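Here the structure comes first, spelled out in structure tokens, and everything after it is commentary.
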Amino acid sequence: MNLVPLFMAIPLGAAFIVVLLGRFKEAVSDAVAVIVSLILTILSFVLIIPLSQEGIFVYRMGRWIPPWGINLVLDGLSLLMLIIINLVAFLAILYSVSYMKKFTAKSTYYGLFLLMVAGMNGVVLTGDFFNLFVFLEIAAIASYALVAFGVEAEELEASFKYMVMGSVASVLILFSIGLIYSLTGSLNMAHVGTILQGQNGNLISFSMILFLAGFGLKAAIMPFHAWLPDAHPSAPAPISAMLSGVLIKALGVYVLLRIFFNVFGMNIQLSWIFMILGCLSMVGGGLLAIKQEDFKRLLAYSSISQIGLIMLGVGCGNYWGILGALFHLFNHASFKALLFLNSGAVEYSTGTRELKKMGGLSKAMPFTGATSTIGSLSISGIPPLNGFWSKLFIIMGLVYAGRYVLAVITILVSVLTLAYYLKVQRYAFFGKLGEGLEKVKEVPPLMCASMVALAIICVGAGIFFYPIMKTILEPAVRVLQEGIGYSNLILGG
Amino acid sequence: MLFFLCFALFLIGLYCVLIKKNLLKIVMGIIIMEYSVNLFLIMVGYKAGAVAPIVTAGVEKANFVDPLPQALVITAIVIGIATLALMVALCMRVYDRYKTFDITKIRRLRG
């Protein structure tokens with residue numbers, strides 16, 4: 001199946017076309033961006049059925065055979081990530097059509113957005129270390145520029161901070177790739193995996209640490225999290241939704257999973273590192289979130305906490321833990337994107353992000369109010385919404401692995417999550433109408449449409465969790481459980 | 001020995017990023033780190049006394065250097081330039097807004 005390279009080719013091409021067309025008429029660039037992202041979303045869903053029959057697609061760039069050429073690999077885990085990335089990107093672009101009207105240079109915005117999508121699609125599809133680095137930089141540089149898109153003082157400051165941290169992370173990753181190359185003489189992930197099998201050494205451990213630090217910085221796991229609460233709130237709302245919902249997962253968590261499960265091979269020490277880092281950021285992010293007064297900042301800290309939960313689930317290493325973690329990856333993309341879009345809608349209508357200045361908004365803005373309630377309940381894990389199932393699976397995984405203390409901590413953090421989302425609901429959407437908010441109106445229909453769509457995904461994924469689990473999640477879990485057997489599939493086929 | 005010097009260069013860059021208070025010096029630190037990594041990649045592919053890997057009649061079995069790291073370094077340099085350009089542009093915009101390059105004075109965000 002030769003659809004795989006289209007995931008990079010279409011957005012890369014469209015990114016340049018959209019900027020050129022935007023010179024003539026802005027509405028054209030709106031249409032192109034929406035259509036391109038819709039096509040990508042449909043493509044990623046179309047691939048579900050053929051992939052379930054074949055198991056894995058390997059596309060060889062220029063027909064070079066794997067250890068020498070670059071190859072693109074589409075397996076269950078990549079497909080899960082592709083669906084998340086392209087679905088959220090489509091809804092965020094739909095939302096931007098109205099939301100970005102107040103900014104100038106909308107076509108440039110779409111260009112950067114599509115570059116970021118191309119970079120992320122490339123990262124999840126590639127099977128080559130250096131190619132991974134190139135796509136990672138495409139996505140990262142586009143995101144630095146998008147965070148600073150408003151060119152206000154705070155945005156520039158946040159973007160600079162993000163950029164310094166991101167560049168250090170990229171340098172660490174490149175250093176580690178160089179080390180891997182000097183040790184194995186190969187850059188192909190599958191080939192490196194077969195060479196490193198059963199080997200142990202200081203340099204291998206050093207490169208693992210560099211990868212952990214580099215991708216940990218990109219994923220904002222707790223000791224490396226300082227940039228996220230500045231960068232994510234400063235961006236325009238649809239970009240915040242993309243960054244928090246997708247970018248930290250595609251560039252951070254996904255690559256960590258791919259490298260540590262499929263290339264190096266998981267062992268007990270690594271799984272402890274994953275669990276400890278996960279637990280630290282889950283608790284720390286939650287505690288920092290609860291005292292925030294700024295709507296988007298609270299959401300950003302909550303992202304750190306939820307990423308910690310995902311790492312914790314992955315770290316326990318059994319079927320239920322990994323299943324829960326991957327399901328939470330999907331769910332977090334849906335409800336965190338929804339909540340960031342809600343915060344954008346509130347800012348669009350009222351002009352403020354301070355929770356204490358809002359109040360009673362659900363009467364004035366019924367769609368925003370209702371969808372944000374769904375998002376908040378879903379992220380706090382109220383049954384039958386989707387967050388409940390993924391948290392349940394992660395806790396089941398922890399119990400099966402015998403980590404009872406961590407399971408209890410997870411439940412407590414879940415209660416903490418409920419607490420700070422109730423605070424959001426209480427201050428922003430319920431109660432009396434805040435001062436000066438009498439004239440607040442609901443946001444334009446396209447913005448409502450994308451928020452409602454995300455809310456439907458939250459509810460739908462909760463009610464129909466079983467078919468989703470069977471069709472999308474189980475192939476992804478199988479990829480991670482196969483571990484270093486991944487190499488044989490690629491080099492053999 | 002050379003690898004240790006290269007690593008020392010990397011650490012100098014890291015020190016510069018962590019300690020310096022001036023935006024432009026931080027940018028320089030990042031660039032020093034990038035260049036030390038590029039140097040590392042080049043040294044991985046280097047062989048003493050080897051020739052450029054161009055296969056022509058008569059030199060098929062000559063002692064070649066590894067060409068792959070050189071290709072990687074060119075790509076890495078291009079990426080580095082893109083990052084550098086964006087960083088310097090950001091520094092200019094930050095200077096426009098705050099009238100200073102001192103990061104202890106650029107602190108409107110909490111935490």
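Just so you know, glycine gets a Cβ as well, placed from its N, Cα and C.
So that you can see what the record holds, here are the features copied from TrEMBL:
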- A:70-102: domain 'NADH-Ubiquinone oxidoreductase (complex I) chain 5 N-terminal' (DOMAIN)
- A:128-417: domain 'NADH:quinone oxidoreductase/Mrp antiporter transmembrane' (DOMAIN)
- A:6-24: transmembrane segment (TRANSMEM)
- A:31-52: transmembrane segment (TRANSMEM)
- A:72-97: transmembrane segment (TRANSMEM)
- A:109-126: transmembrane segment (TRANSMEM)
- A:163-183: transmembrane segment (TRANSMEM)
- A:203-228: transmembrane segment (TRANSMEM)
- A:240-264: transmembrane segment (TRANSMEM)
- A:270-289: transmembrane segment (TRANSMEM)
- A:309-330: transmembrane segment (TRANSMEM)
- A:393-422: transmembrane segment (TRANSMEM)
- A:443-468: transmembrane segment (TRANSMEM)
Note to self: Counting Cβ pairs closer than 8 Å, which of A:31-52, A:72-97, A:270-289, A:443-468 has the most of them with the transmembrane segment (A:240-264)?
What the structure shows: A:72-97
Next item on the list: Answer with yes or no whether the transmembrane segment (A:270-289) touches the transmembrane segment (A:109-126) by the criterion of at least three Cβ pairs under 8 A, sequence separation 6 or more.
Entry: no
Check: Excluding the flanking five residues on each side, which residues at least 6 beyond the ends of the transmembrane segment (A:270-289) place their CB within less than 8 Å of a CB in that stretch?
Finding: 208, 212, 216, 220-223, 225, 229, 260, 264, 298, 301-317, 403, 406, 409-410, 413, 416-417, 420
Next item on the list: Go through the chain and flag residues at least 6 beyond the ends of the transmembrane segment (A:203-228) whose CB is under 8 A from any CB in it; none is fine as an answer.
Entry: 136, 140, 158, 161-162, 165-166, 168-170, 172-173, 175-176, 179-180, 183, 196, 248-249, 251-253, 255-256, 259-260, 264, 270, 273, 277-278, 280-281, 284-285, 300, 303-304, 307-308, 311
Notebook entry, point to check: For the domain 'NADH-Ubiquinone oxidoreductase (complex I) chain 5 N-terminal' (A:70-102), what are the DSSP-based totals of helix, strand and coil residues?
Noted result: 27 helix, 4 strand, 2 coil
Checklist line | Confidence summary (mean pLDDT) of the domain 'NADH-Ubiquinone oxidoreductase (complex I) chain 5 N-terminal' (A:70-102) | finding: 91
